[in-house]
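Colleague: Once you've had a glance at the structure underneath, I'll fire off some questions.
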Amino acid sequence: MQCPPILLVWTLWIMAVDCSRPKVFLPIQPEQEPLQSKTPAGCTFGGKFYSLEDSWHPDLGEPFGVMHCVLCYCEPQRSRRGKPSGKVSCKNIKHDCPSPSCANPILLPLHCCKTCPKAPPPPIKKSDFVFDGFEYFQEKDDDLYNDRSYLSSDDVAVEESRSEYVALLTAPSHVWPPVTSGVAKARFNLQRSNLLFSITYKWIDRLSRIRFSDLDGSVLFEHPVHRMGSPRDDTICGIWRSLNRSTLRLLRMGHILVSLVTTTLSEPEISGKIVKHKALFSESFSALLTPEDSDETGGGGLAMLTLSDVDDNLHFILMLRGLSGEEGDQIPILVQISHQNHVIRELYANISAQEQDFAEVLPDLSSREMLWLAQGQLEISVQTEGRRPQSMSGIITVRKSCDTLQSVLSGGDALNPTKTGAVGSASITLHENGTLEYQIQIAGTMSTVTAVTLETKPRRKTKRNILHDMSKDYHDGRVWGYWIDANARDLHMLLQSELFLNVATKDFQEGELRGQITPLLYSGLWARYEKLPVPLAGQFVSPPIRTGSAGHAWVSLDEHCHLHYQIVVTGLGKAEDAALNAHLHGFAELGEVGESSPGHKRLLKGFYGSEAQGSVKDLDLELLGHLSRGTAFIQVSTKLNPRGEIRGQIHIPNSCESGGVSLTPEEPEYEYEIYEEGRQRDPDDLRKDPRACSFEGQLRAHGSRWAPDYDRKCSVCSCQKRTVICDPIVCPPLNCSQPVHLPDQCCPVCEEKKEMREVKKPERARTSEGCFFDGDRSWKAAGTRWHPFVPPFGLIKCAICTCKGSTGEVHCEKVTCPKLSCTNPIRANPSDCCKQCPVEERSPMELADSMQSDGAGSCRFGRHWYPNHERWHPTVPPFGEMKCVTCTCAEGITQCRRQECTGTTCGTGSKRDRCCTKCKDANQDEDEKVKSDETRTPWSF
């Protein structure tokens, strides 16, 4: 998966201020578009749902694969009654490819059109379809002499950065009496199709879940709230993954509500609309305003504050709810900034009763006010005037977030770049009182460390601006300490990624290592909040590599022995080749330190960008043992250093007995619902969760799956919203005449499979021949065939899945039911997938098919029967005959394979036949060429 770094830029729009008289402020709100339809409409193709105007390359499954030269489109349609629907139309785009300008174009993997070597692939024409895809941005090449890794707002256009959203959550005003006076601020960051959120709340407790719904109340998504789910007590962190296009459209138009639901009520207690806001990008301080009178409920406010770039002017935007005026549309308010109940700033203004949002600026803060602002000693309050005044207030603190402040220090980012193979790894914690806690690991330097400093970007190469000297806190390669006297300007620069860490050594007085402090977006990996990352350096590679690159990684094992990792790097890809200069081209690997078996490495991920993250669910015993003993490493390899450019040693004590988790009679797989990256559901939360199930004297989490006590071998149960559903395990049909029963399994297997499993059983953990099926989160042995169990639907008898042991992939196929000509088809058993005709009404066509299939080993493919050992090219509508795929009937089993092509060395003297490129025959008959051209179809690939 490609992960190019994206810089998001907002500009804060502030109106002029005149404190001498009240002003009417324009409401700050996004442009809203009318919602055209509530009911989602779309297209179904290949078992997948696509929203209207979606486009995709069809995937026909093995062995056909993805048709990159075919583009399908979900075309919006309307019925006679005006109901929206979708229609799939597919087009061959091969003829739309532009003519390459070079003499020897090549066809890149996963592309349809040929391109010239070292040239970017051509864009697909958009004349026929309208696409509304996501924006993917690339790093701008920054060759500043002083801070090569510095990213600023100049790197990204304003329109490209509109992916941050906010919501103010208050009690509904139409409910009487109001149930709560709680208030919450929800901040969202849209990363491709994942919505990351952090919610800070006050005056509300016993939260159970976060609910997302449309304006009509239809629930789109719910996220459970866990006691261990966030790094702060008053903050909830989470991810809404894989939003579809229709949901993204609702989000961009401001038609999604976010709500907090408690354990005491089934309906949301506080809610608010998610909207875009210009203040989010530059927000450094914030405040939640709650009613000062506990009897006042249903109101609240949110303040987002920032500082000017140069002057100490405090800009703020207020979002208010629940204020009411005595008459007219204008509400006069008084805004005050106080320190220890002493008012230091105030202003009057008029706001609209419909849109209670406005912006202001407080000019020329003094040095004392800047310090109070940083330390959370200022309070902002809003009061209305009249016979029934209302008031709300809140403490101004640094912006709270679920992100992690971190920095990778490398030689490539030093003021004068170095290549020593050293590394610096920093984790920063910003407390509510403005105290900055820092922990830095330094390793691999060529000489003694002389200074560790926190700096701003220098204006000139010879004049560095040091904010705080950490050298006194350096001991044995580690720096740990606090900075307690930072002012508001310092914290503002920290949160805007304008501060740097610099490490000077005896040989490099200006700095051997340097890194920019940046926020790492929330990912659900809990290890980021529990321990320091593992430094990755060239000096740790065997043999050591003198490189300007560096990195660090968080690595953890969950209770199911699944490995979760997140890697951040800097300095990679800065080769002389300009084409590689903008991106990291890396391969993350896991291996063992010992050189006795250098080939024993596990590829985690190949990636672009500055970070990589993921999980591995099938680690073998040997690597798990090395992790437990501390003799394992994680490294990043590049084209320049394929055997490793940076590396770090990792130690994760564990007692994993096998590389995967299987559902066996002795060991149920999932006892608790898993939150984000594999943490267990807290038992106390289970008792309070209204969706939990009680079964056989035990509490089970919503969505969990287990083997019941009454039949631990051939039954499986699941919990779905207080309802327990138990299904017998249905065994798929076998292609053998003498199946055998194994003592530890419910379903029989063929004799040859039994022997294979007995031979391979001791080596199973070593070879990792098996599959992890995400549908029911269970481990399957290689070659296993089963009906999938998919919560909350239960056992799916209309599909059969197969575990491909060589690749670890699970391939599921829909059971194709035969067409019936009878008038009253029936299911012989209620759990059967396909209906069948009663015995007395078998049609002549079925009898003919039965007679055709009487031949020994005959196969049925589509609507045709093929005798044993017959070979043919399959026909797949609408693509026609697949000449590059050959199917064979072998003893009643159809096997299809794609023709494999070998590389050619004949240079330009080559030609392409149906599937592969071959060298030209000098004596090729010209008539054969003409014939080949005439028989080519528009669906050839």
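Positions of Cβ are set from backbone N, Cα and C atoms, glycine also.
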Colleague: Labelled region 'Disordered' by Swiss-Prot, one stretch among 82-101, 922-941. Can you tell me which?
Modeller: 922-941
Colleague: Using a Cβ cut-off under 8 Å and a sequence separation of 6 or more, which residues in the same chain sit near Asn433 (N-linked glycosylation site)?
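Modeller: Gln375, Gly376 - these are the non-local Cβ neighbours of Asn433 (N-linked glycosylation site), listed in sequence order.
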Colleague: Can you give the mean pLDDT for the domain 'CHRD 2' (281-401), rounded to a whole number?
Modeller: 90
Colleague: Taking DSSP states H, G and I as helix and E and B as strand, how many residues of the domain 'CHRD 1' (161-279) are helix, strand and coil?
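Modeller: Split into helix, strand and coil, the domain 'CHRD 1' (161-279) gives 9 helix, 58 strand, 52 coil.
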Colleague: Write out how many residues of the domain 'CHRD 2' (281-401) are helix, how many strand and how many coil, based on DSSP.
Modeller: 8 helix, 65 strand, 48 coil
Colleague: Measuring Cα to Cα, tell me the gap between Asn244 (N-linked glycosylation site) and Asn350 (N-linked glycosylation site) in whole angstrom.
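Modeller: So the Cα of Asn350 (N-linked glycosylation site) lies 41 Å away from that of Asn244 (N-linked glycosylation site).
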Colleague: How many helix, strand and coil residues does the domain 'CHRD 3' (402-522) contain under DSSP?
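Modeller: Split by secondary structure, the domain 'CHRD 3' (402-522) comes out as 14 helix, 59 strand, 48 coil.
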Colleague: Measure the Cβ-based neighbour count of Asn244 (N-linked glycosylation site), defined as the other Cβ atoms within 10 Å of its Cβ.
Modeller: 15
